[in-house]
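Here's the structure we're looking at; comments come further down.
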Amino acid sequence: MRIRSSFFSSIFLLSSSSSPSSFFSSRFSSSLSAMFPGANGDLKSRVTVVGSGNWGSVAAKLIASNALKLPSFHDEVRMWVFEEVLPNGEKLTDVINTTNENVKYLPGIKLGRNVVADPDLENAVKEANMLVFVTPHQFMGGICKMLKGKVTGEVEAISLVKGMEVKKEGPCMISSLISKELGINCCVLMGANIANEIAVEKFSEATVGYRESREIADTWVQLFSTPYFMVTPVHDVEGVELCGTLKNVVAIAAGFVDGLEMGNNTKAAIMRIGLREMRALSKLLFPSVKDSTFFESCGVADVITTCLGGRNRRVAEAFAQSGGKRSFDELEAEMLQGQKLQGVSTAREVYEVLNHCGWMEMFPLFSTVHQICTGRLKPEAIVHYRDHKA
Ligand SMILES: NC(=O)C1=CN([C@@H]2O[C@H](COP(=O)(O)OP(=O)(O)OC[C@H]3O[C@@H](n4cnc5c(N)ncnc54)[C@H](O)[C@@H]3O)[C@@H](O)[C@H]2O)C=CC1
Ligand SMILES: O=C(CO)COP(=O)(O)O
């Protein structure tokens, strides 16, 4: 394990855009204090994870292991659970607190005894000064509404949510929604992070995108990093978040290719074209987005892992195998048992943006994915478009 860590550390030194010295000081100096003390003069930070799905539960596990080790954090990590009753009549929250496992969304993995599940959103966040948002993106509007006016004091947030909202004024990234609705700064964490693999501590990387304060980004890096989860800060919050959001549309396209058994070359072509459309759309929406962001874990690495092993890919494969006859809603319910796809709704949201801005012709892959999802085109259409200008 030591050899593996140092191997990956040297890769990191070669590839990262962040300065190695600050990375090592933030990651390995357990005496570093969190930069923003909690309410009432409390010098230790309190973390609440808002969300408890597949990735939400793994995020809580990562954070809980670090909160115990780092003196600048309270041991307890609260996790808001969207309450549900299990088939045996028990409440999910009670089962998590008794067994220390999220038996529905991450069975077989202990979260850490310091994780406390809480079904009351307001109560879950009330003492926290570090909020980690990690729910399917379609629920974030409602969650922000419920929290409006309830988050007070010096609070920092980070969003692990891959998705966006489309409003009358145009697209609104989830980190902006959180910042606007709650009046707090919000970083993002995205990357090639299939939750079930990180749950069993297989090595992976992630990217923290930050807007202003590098110190706050370093605190998030410190809170998430473990020897098997290597986090790099990047000064490009929009670029990082758009990578995480748009790659889900590319993953749906990859699933169609798999369902139609088109082979590896076709899938590689879809990934390349998809990455190019991701970059082009991100830069049109936010000219500040950096090219280098697409080479971080949140960019090319997440495209690869999601197109190989993600839920969006898997369900899209089944959709194509059915010849487009079974709906995504039906397949999602049958195949994912409560977990949620992001790619189909993101394809629709992207389509609305392209339509509104008159950019449709520049993004044939994105627009074709939406038209296949809605049944307007057949899955085979995924390769039936002319070269594009993105
Ligand atoms: N699972 C993964 O491997 C990864 C997921 N992500 C992203 O993390 C975000 C969260 O995904 P997961 O944790 O995997 O969730 P999930 O898809 O496993 O679970 C669905 C969650 O939504 C909750 N829920 C259902 N109805 C709700 C409602 N009306 N209001 C609020 N919550 C409700 C469920 O209780 C459950 O916690 C998504 O944006 C996803 O793209 C990012 C990296 C990896
Ligand atoms: O975002 C992910 C991996 O980084 C997970 O993707 P899926 O939602 O397609 O499983």
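Including glycine, each Cβ sits where the backbone N, Cα and C put it.
What TrEMBL annotates here:
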- 47-212: domain 'Glycerol-3-phosphate dehydrogenase NAD-dependent N-terminal' (DOMAIN)
- G51, S52, G53, N54, W55, G56, F82, F139, A195, R311, K340, Q342: NAD(+) binding site (BINDING)
- K162, R311, N312: substrate binding site (BINDING)
- 236-383: domain 'Glycerol-3-phosphate dehydrogenase NAD-dependent C-terminal' (DOMAIN)
- K247: active site, proton acceptor (ACT_SITE)
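Where TrEMBL records a feature, it is marked here on the structure.
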| residue | record | DSSP (3 states) |
| --- | --- | --- |
| G51 | NAD(+) binding site | coil |
| F82 | NAD(+) binding site | coil |
| K162 | substrate binding site | coil |
| A195 | NAD(+) binding site | helix |
| K247 | active site, proton acceptor | helix |
| R311 | substrate binding site | helix |
| K340 | NAD(+) binding site | coil |
In the chain carrying K340 (NAD(+) binding site), residues 6 or more apart in sequence that have Cβ under 8 angstroms from it: G53, P136, Q138, E332
Among G53, A195, N312, the binding-site residues whose C-beta sits under 6 Å from ligand 2: N312
K162, R311, N312 excluded, remaining Cβ within 8 Å of their centroid (substrate): N248, A251, T306, G310, R313, L341, Q342, G343
Winner by Cβ contact number (other Cβ atoms within 10 Å) across the binding-site residues G51, G53: G51
Proximal residue to N312 (substrate binding site) among recorded positions F82, A195, K247 (C-alpha distance): K247
Fewest Cβ neighbours within 10 Å, where candidates are the binding-site residues W55, F82: F82
Neighbourhood of ligand 1 - recorded positions from K247, R311, N312, K340 with Cβ under 6 Å: K340
Maximum Cα-Cα separation in Å among residues K162, R311, N312, which the record lists as binding substrate: 13
Cβ neighbours within the same chain of K162 (substrate binding site) - under 8 Å, at least six residues apart: H137, M190, G244, T245, K247, N248, Q342, T346
Position of peak Cβ density within 10 Å, selected from the recorded positions K247, R311: K247
Pairwise CA distance, A195 (NAD(+) binding site) versus R311 (substrate binding site), rounded so that it is a whole Å: 11
Distance in Å spanning the most remote Cα pair of G51, S52, G53, N54, W55, G56, F82, F139, A195, R311, K340, Q342, given for NAD(+): 21
Inter-residue Cα distance where the pair is R311 (substrate binding site) and F82 (NAD(+) binding site), in Å: 21
